[in-house]
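A.B. asks: Got these off Swiss-Prot a minute ago, pasting:
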TOPO_DOM  1-54  topological domain 'Extracellular'
CARBOHYD  Asn13  N-linked glycosylation site
TRANSMEM  55-75  transmembrane segment
TOPO_DOM  76-89  topological domain 'Cytoplasmic'
TRANSMEM  90-110  transmembrane segment
TOPO_DOM  111-127  topological domain 'Extracellular'
DISULFID  Cys126-Cys206  disulfide bond
TRANSMEM  128-148  transmembrane segment
TOPO_DOM  149-168  topological domain 'Cytoplasmic'
TRANSMEM  169-189  transmembrane segment
TOPO_DOM  190-219  topological domain 'Extracellular'
TRANSMEM  220-240  transmembrane segment
TOPO_DOM  241-271  topological domain 'Cytoplasmic'
TRANSMEM  272-292  transmembrane segment
TOPO_DOM  293-307  topological domain 'Extracellular'
TRANSMEM  308-328  transmembrane segment
TOPO_DOM  329-384  topological domain 'Cytoplasmic'
LIPID     Cys345  S-palmitoyl cysteine
Amino acid sequence: MKMGPLGAEADENQTVEEMKVDQFGPGHTTLPGELAPDSEPELIDSTKLIEVQVVLILAYCSIILLGVIGNSLVIHVVIKFKSMRTVTNFFIANLAVADLLVNTLCLPFTLTYTLMGEWKMGPVLCHLVPYAQGLAVQVSTITLTVIALDRHRCIVYHLESKISKQISFLIIGLAWGVSALLASPLAIFREYSLIEIIPDFEIVACTEKWPGEEKGIYGTIYSLSSLLILYVLPLGIISFSYTRIWSKLKNHVSPGAAHDHYHQRRQKTTKMLVCVVVVFAVSWLPLHAFQLAVDIDSHVLDLKEYKLIFTVFHIIAMCSTFANPLLYGWMNSNYRKAFLSAFRCEQRLDAIHSEVSVTFKAKKHLQVTKNNGPNDSFTETTNV
C-alpha cells in the first residue's frame, strides 16, 4: 500500500524515459520549452497547469485547515470535560490524533511534492512522510475495528461491563505499536537520490527501494497484503458487527419511557459511528482501487493523466480526516454541546448526560425481562 505523496512515484527500476514521463508528462522526450524536430508542442501533465495547481492548493489547504481545527477540537473537549471521558470517546479522540498527524505532517508535503514534481524536502522527510501517513491510516482502521467490536460485545450480548478506561489506553497503545511495525517498510525500503533525466538535468527522487533481485514483486506483495489486512478484512469485521448491532437495536422493544429514551441514545450513537466507518471506507476506496490497478498492471503508470488521477483520489481519501468532527457535531448532541462550550470558553459541561444521569444514576444496571422469558433478560449500563 503506497501511502501519501510518494504513492504516485514509480520505483527504482524506472528507466530514464519513464522518469521523464513522470516529470514532464507522457510522450515527452525533451525538456519543457524544447521541441523535438518536426513535432508539435505537447501538453505536459495537467498538474503543471496553473489553474489546476490553484484548485489543488485550495483543496489541500481547505482539508488541512478544517482537519486541524476539527480534530484539535475533538481532542480538546475529551480532555477538558470530565463527562466526555468515556471509553468510546477515548477511541474517537485517538482517531482525531491520527487524522491530525496526517493534516500537519503529511498533507503540506504532499501538496509541495505535487506542485514541484520532485522531492525537495530532504532525505529525513523522504522516509518520514509516507511512514507517518501509513501509520495514521492503520491506527484509524484498527481503532474503528475496536470500537465496532466493543459495541457489538455490549449491545448484542448485553454484557454488563464495558472495557475499562485503563484497558482502553492499553488498546490505544497497542494500536499505535502494531501500526508502527506494519508501516515500517514504508520508511525502511526507500531511497533519496538524484536521477539524471537527460544530460545536465537532474531531479531529486524519493523512491521505493526493495531488496533482492525481484525488487518489484516485494512492493506488490506488501501493497496487496496491506490492502487485505488493513482495509478489506477490518471493514468486513466492522460491517458484520454493525449489521448485528443494527438488527438488535431495531428489533428490541423497550418496556418504559425512561429505558426507551436510553435505547434511542444508543441508536443515535451507533448511527454516528456507522457513518464514521462509511465515510472512512468510501473516501479511501478510489485510492485503494487505483493503487490495486497499478499493482496488477504497471501499464496504468503510462496513463497521460496518471498523476492527476492519483492526486484527485488522494484528495478524496484525505477528506476523511476532517469529516469525522463534522459528523460528531451534526449527529451527537453531547459533542455539539461540548463544541459550543469550548467556543464559549466554559469550564464545565453540566448539561451533558443530564438526561441519562437523572434517570439512571440510581439504576446503574437496569434489568429488563421481555415476555417474561428468562432467555430474553439482559443488563444495560449507562455509559453510551
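The backbone N, Cα and C atoms fix where each Cβ goes, and this holds for glycine too.
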A.B. asks: Looking at the transmembrane segment (55-75) and the transmembrane segment (272-292), are there 3+ C-beta pairs under 8 A, with each pair at least 6 apart in sequence?
C.D. replies: no
A.B. asks: Could you give the Cα-Cα distance between Cys126 (disulfide bond) and Cys345 (S-palmitoyl cysteine), in whole Å?
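C.D. replies: Between the Cα atoms of Cys126 (disulfide bond) and Cys345 (S-palmitoyl cysteine), the distance comes to 40 Å.
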A.B. asks: So which residues does the transmembrane segment (272-292) touch in its own chain, when a touch means Cβ under 8 Å and the partner is 6 or more beyond its ends?
C.D. replies: 1-2, 7, 88, 95, 137, 140-141, 144, 147-148, 151, 223-224, 227, 231, 235, 238, 242, 246, 300, 309-310, 313-314, 316-320, 323-324, 327-328, 331-332
A.B. asks: So, taking each listed stretch (90-110, 128-148, 169-189, 220-240) in turn and counting its Cβ pairs to the transmembrane segment (308-328) that are under 8 angstroms, which one gives the highest count?
C.D. replies: 90-110
A.B. asks: Quick check on the recorded positions: of Cys206, Cys345, whose CB has the lowest count of neighbouring CB atoms inside 10 Å?
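C.D. replies: Looking at the recorded positions Cys206, Cys345, the Cβ with the fewest others within 10 Å is that of Cys345.
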A.B. asks: Count the other Cβ atoms sitting within 10 Å of the Cβ of Cys126 (disulfide bond), across every protein chain shown.
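C.D. replies: There are 23 of them.
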A.B. asks: Report, in whole Å, the straight Cα-to-Cα distance of Cys345 (S-palmitoyl cysteine) from Cys206 (disulfide bond).
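C.D. replies: That separation, Cα to Cα, works out to 45 Å.
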A.B. asks: For Cys126 (disulfide bond), which of the three DSSP-derived states applies: helix, strand, or coil?
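C.D. replies: DSSP call for Cys126 (disulfide bond): helix.
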